[in-house]
Each structure stands twice: as C-alpha cells, then as structure tokens.
Amino acid sequence: MPVVKGGVWTNIEDEVLRAAVSKYGLNQWARVSSLLARKTPKQCKARWVEWLDPGIRKVEWSREEDEKLLHLAKLMPTQWRTIAPIVGRTATQCLERYQKLLDEAEARENDELGLGGPGTEASAPSADDVRRLRPGELDPDPESKPARPDTIDLDEDEKEMLSEARARLANTQGKKAKRKARERQLEESRRLAVLQKRRELKNAGINIKIVTRKPGEMDYNADIPFEKPAAPGFYDTTEEEARNERQREMFDPRKQQLANKRKGDQDEEAERKKRKNDKNSNSAAFAAAARAGQMQKIREAEQSSKRRALVLPTPQVSESEMEDIIKMGMAGDKASKMVGDEEGTKGLLGNYSAMVGGTPIRTPRAPPEEDHIANEIRNIRALTETQSSLLGGENTPLHDGGSSTGFDGIAPRRQQIVTPNPMATPFRQGNAVSATPVPGGAGPGATPLRTPRDHFSLNKEISGGLPIGSTPREIKMRENLARQSIRGRLAALPKPKETEWELEQLPSESAEPAGATEYPEEDSAVRDAREKEIRKRAAEAEHKRQTQVYQRSLPRPVVLDIDALMERASRVMDPITGLIAKEAALLVANDACKFATPGAKIEGKPRKLERLDDKYLEEARAAIASEASSGKLEEWSNEFDAKWSSSRQDTLPGLSNYLDDDEEDAYQQEQRIIGVFDNVQASLLATAEDGNKLEKKLALHYGGYQNRAKMLRAKITEAHTALEKSKHELDAFRTLQISEEAAISRRLEKLREEVAFVMRREREAQEQYRCRKDELDDLVASTGGMVNGWH
C-alpha cells in the first residue's frame, strides 16, 4: 500500500531536519528527506524556508512593515515571492498579514456602520473563523505552522525513524564512515595529482582551468555557503562605536562571572530536582529536549529586533529665530528702563514679557496625520469590489497624493514630522481654544498658547475672544465681513451739503484700454523657427557688409606687414587716390586679420575699420554700377589689357623679350638675359632652401614613425624567417613521424616473431623436461627407490 507523505510537522521531525541540514547542507534535500519517512524533499525544503531558517523574523509586524507591505502589494499585486525578500519576511507571512489587514479593516468598517448585530450569536463569522480548520479537514500549508508537540507514546514508524536518524547522524566510526573517509582521501589524492599535472603543464607553457564544481552543486572551497552580502555603500558607525564604548565601560567581568555562576548553580539545582522527581523517565531525552528549548529561546532572542532609536521631529523654531525673540524682549526691557517715570511715554509702552501665571499652558496639538495604512487598505478594497470597466460609469475614487504611499519608488512615501510652532503665527492658531475669552476684545485674553500680550488691542478678536481661523474658508468669510463693515460705516456717513463747485475743464486724455490683452503663449517650435530666421538674416546682412574678396572666397595675403602697407598708401600724393589707397589698405589689413588663412604671418597692429551704414554701402554700389555701365569701363579695360601685355612681354623669358637689332643693341640684350638668368638661379636656390627646410620639418615630425616602421619591418622579417624555419622543422618532423610509424610496424612484427620463437622454445623445453621427469620417475619406481645403490 503506498504511503501518502505530508501532514503536520512534529517537534521530532523539526529537530531531525535541523540536524540533517547541519550535516548535509541546503542542496541535498533528497538525502535529508531520507531521514524523515513521512516527508518529501520538497516538503523538507519548504519547512526549512518557511519556518526553521534562522533568518526568518517571527516577531510582531511593525507599522513600517505593514506600510511597506501594502505599498509593494499595490505595485506588484500577488507577487509574494518578490515582495517577501524586500519586506524581510516569508511569502506565506506576507500573504497572511495582507489578508489579516484587509479582514481587520472590513471588521472595523462593519462595526462603524453598525453591521455587527445585537450579539455574537447573530453576527457573521469572522475571517479567522472562516479560515479555521474544521474537524476532518487537512491543513493545505503545514510547513508554515508551528510544530505539533510530541506524544508520550510514539508510533512504531516514528520510533524506527528516530532510531535510524540517530544512527545515521551520529555514525562517525562505522563502515560507512570509514568508506567516506577513504573516498575523501582518494578525492584529495586525485586533487593533488591534478594540481601536479597542472603545474607540469604550466611549466611547459600550457594553461588549463580546474573545474571541481559539479553541475547544479556548490563548490564549498571557492564559494561561501549561506552568505548574505552586505548592502553596498558607506555607513556612519559613530553612534554604534560610542554605544559599544559605553557598554564596555559599564561591563564588570567580576559581576558577570558571579551572575553566570549563580545562574548555573540555579539551573543545575533545578535540573537535579527535576531528575530526582522524575526517576522513571528517560533523563537523556529530557536533557536533550531542555537543551533544544534553550537553544530555541536563544535563537528567538537573537531574531528579535533591536530597540529603535528615538526619532524626534525637526524643530520649527531655529536658533536664529530664538535669538531674535530674545533680542526683542531685551529691546522692550531697555525701552521701559529708558522711559522711567514719565507717564506720557509710559502709557505708549506695554509689558509683553510677563506671562499670566494662573492660566495652565497646554501643549499645542499637532496637526492630524494621514493614516497611510488605512487609506491603502481602502484603496485595495475599493479596487477589489469595483465593477467591470465594460459596464462604464465613473472611476473608483481612491486616496491619492499625500494621503497614500504613492508610486514614487519601491519604498513608501514618508511623512515629514514637524512640531507645531505657535510663535510663527501668534494669536492665529486655528486649532486652539481660548481658556479665558474676553468678550468684545477689550483686553488681552489669557490663552493657553504662548502668544504676546495685546495691550493696545491691535489684534482684534472675533466671536468672544476666540482666535481667528486660518482655513481658506474662514479667511474669505473674515474678508467679506470686513468689507461689509466698511460699506456700512461709509453708508452711515452724513449726506453732503448742496454746494455748487466750479471746476476747470481738464484736457481730454486718450481712454486707457480696459484691460491688458492676453496673448496666447507662443509655441516653442514656432519661437525657435522665428529666432533661427532672424539669426539667418542677420548673418546674411553681415556677410553682405564684408568685402568682395571675402564674399567670393578669393585668396588673401599670407605674409603682410600692416605698417608698411599703410605707409605706402600714405605716400600717394593725389588726395583722391590717397584716400582710395588708404581705404584699400584698411580693407586688405582687416580681411587678413579677421579672416586669416592658415599659416598666415601678419605683422603690425591692425587699424580700426569704420563701420558704414547699409544705406551708404548701397548708394556706393549703385554709383559704381552706374559708372561701370558707361563707356569709360570699356576704354579703361582696353588700356589695362594693353599695359598688361606690354609689361608681360618685357619680363617673360622667351622670344618676345628679344627685340630686333635696330630697336635694341646687343649689350642691352645681354644684360636682360643675365638678369633673367640671375632671377631663375635665385628662384632655384630659394626653392632648394625651402625643400631642405621642408625635409627637416618632415624628418622632425615623421622621424619617429620612420624608425618605428624600420623596427617593425625588421621584426616582420625576423618573424617571417622564424615562420619559415618552423615550417621546415614541421615538415622534417612530419617526415620523421611517417618514417617512424613505418619502422614501428616493422619493429613490432619482428618483436612478435621473437616472442613467438621464445615461447615455442620454452614449450619445447618444458615438454622435454616433462619427458625426462617421467622417465626418471619410472626408473625410480622400477628399481624400488634405489638409484646407483642409494635410497
């Protein structure tokens, strides 16, 4: 009959599971479950994860944990396996706590609405009653429940399981233990052999990787089991160090030893009395159970959370404000002392330092805070009970904003705790009640708040001395009341007398517009396009203001001496031509400096170029165009071509340079040829010098690269030579391998023949020996044991 495994866990099974986990670890659940006859590997693992793991927190849930649980349930609905490690609990604990919070909220709402009924007999069953198991039902999740106490009389199966577990867990000298020890020694020798082999291969230049971890298992030599890495970041340990120092100073080793001794004596005395009273019971079992109980208490004490530090709200009255209040009080006292006994001035000063002693001062009530947990539960219930979105209608109203945990991140939104500051708005606390209201505001009221005394009734009170409300609705009502009061007082003024007044007629003024026209906000894309168009037009206008040389991208001077250029322009005698030359020199210098070409050498300080208006530039261009359209341009062009041709014919080397004999004598021709030769020679020398300079410059810049190229070329040659040598060696060794393989077969055949010959001779010798032995035995038998007369 198959055995159905599962059910409630007992205390014995828990202890066996703990011992098995301590021996086999957290990765061999099949071996662990072999010690428990009624549990499967999955159930053993679930029991450890859900209940027996020392890292599980079983203390009461705090308010922060409830708030975080509801916030994460809102962000990740039904993902309890993901929520559990964030909250610090198990998935089952999170689910049960979540359901309990919803049930408590529902019960609270029913009590508020009066749905509880007249008595418990008429009320509906609670959530705990619904979830409580009825007789005959099985717990669907027994791994997360406390263990059942052990019975006095154990079943035969339980006794057999317990004895087998004791034998297997306590066996360290039996056959299996010895076999395990031999296996460990073999494994160690195998590991050392692998290390030796790896060391030899490494010395030979071959690196291999040792993989000792089996697939699906943990390498306990390389990894750390049960490791819980700390969160990254730096933490301030000043407070912890100070607390440790205080505890170390308060610790007295003598008192501690005395207390431990007394405690040990008391425990031993109680244990002795217990053993004496219970003689029939198994003392060893009770001692083990007692030790297990003590260890459980120690573990629970370690799991309990530390006492949290006191978190005080930030004060609203800062040090500077406190100093200002003190200075104000000192200034009032100083003014009172300066007045002295003058009654006229003394009546204008009030004493604001003295407080009314007979009135008890209450602590101002802090503003009410939103209950995030209750709001989140209401939101969850509203979303659960809402109708389908297919039916239409309005959305479910939820608590958003500051009244909920929000969706800012994985952690819920925190409320900023502040203390009320009555000094910030004196006499205007909407949540305060006057202890001794004075009707009509005739004098200062003795309020429980720390408000200054109002001797001159500057702060008027409303409704019998109650402080003025600070809500928007009350402020609006107060303003409307003040307006009505002013209108009533103005209406109560006497009517004006009937008197005619003659006023001078004032000049008419243009009517002001009734209100400023509101323009719609301009789109950012339209604004960017408009600004881009404006910048483009400004750039085009600036481009047109430049010279034609820059506009047409004509070459500009590379080597220029501005001072020499300006001096040459100033030497022109004709005033009109001089002005033109100066302006041209300024334009050339400005273009050379402002739009310099790469590698240009400009000497001298550039002169400031006067910026002309666009109107004048257009007029000048129109005048030049009109002048160019006339016949003078053609005449000037012809004259320029003629002079250019004549100048080029006289300077260019060629046949055109040499005139006829009747026009020029031989001496002048010789001198011209000599001059041309000198010019060509000078040009060649200059070109050679420039080439040498350029060669030096290139050698300076690229000398390192050339050396590097030479070195790499040499290395490549060496590598090629080594490669060729290696190829030759490889071919030689391959030839040797082929010849060796052929020779090996021949040698093996020869050795086999020799072995066969030796074996054949050995068989023949054995056969001959056997024959001789038989002959000797027959001879001895025939002679009766006498050979040569001897027995």
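Glycine is treated like the rest: Cβ placed from N, Cα and C.
Model, not experiment: these values are computed from the prediction.
Taken straight from Swiss-Prot:
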type	residues	note
DNA_BIND	29-52	DNA-binding region
DNA_BIND	80-102	DNA-binding region
COILED	523-551	coiled coil
COILED	705-779	coiled coil
COMPBIAS	128-151	compositional bias 'Basic and acidic residues'
COMPBIAS	240-255	compositional bias 'Basic and acidic residues'
COMPBIAS	280-292	compositional bias 'Low complexity'
DOMAIN	57-106	domain 'HTH myb-type 2'
REGION	110-188	region 'Disordered'
REGION	225-318	region 'Disordered'
REGION	390-471	region 'Disordered'
REGION	494-526	region 'Disordered'
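For the DNA-binding region (29-52), residue counts in helix, strand and coil come to 17 helix, 0 strand, 7 coil, using DSSP. Sequence-distant contacts of the DNA-binding region (80-102) (same chain, six or more residues past either end, CB-CB distance under 8 Å): 49-50, 56-57, 61, 65-66, 68-70, 72-73, 127, 141, 144, 373, 377, 380-381, 410. Per-residue confidence over the coiled coil (705-779) averages 93 (mean pLDDT, predicted model).
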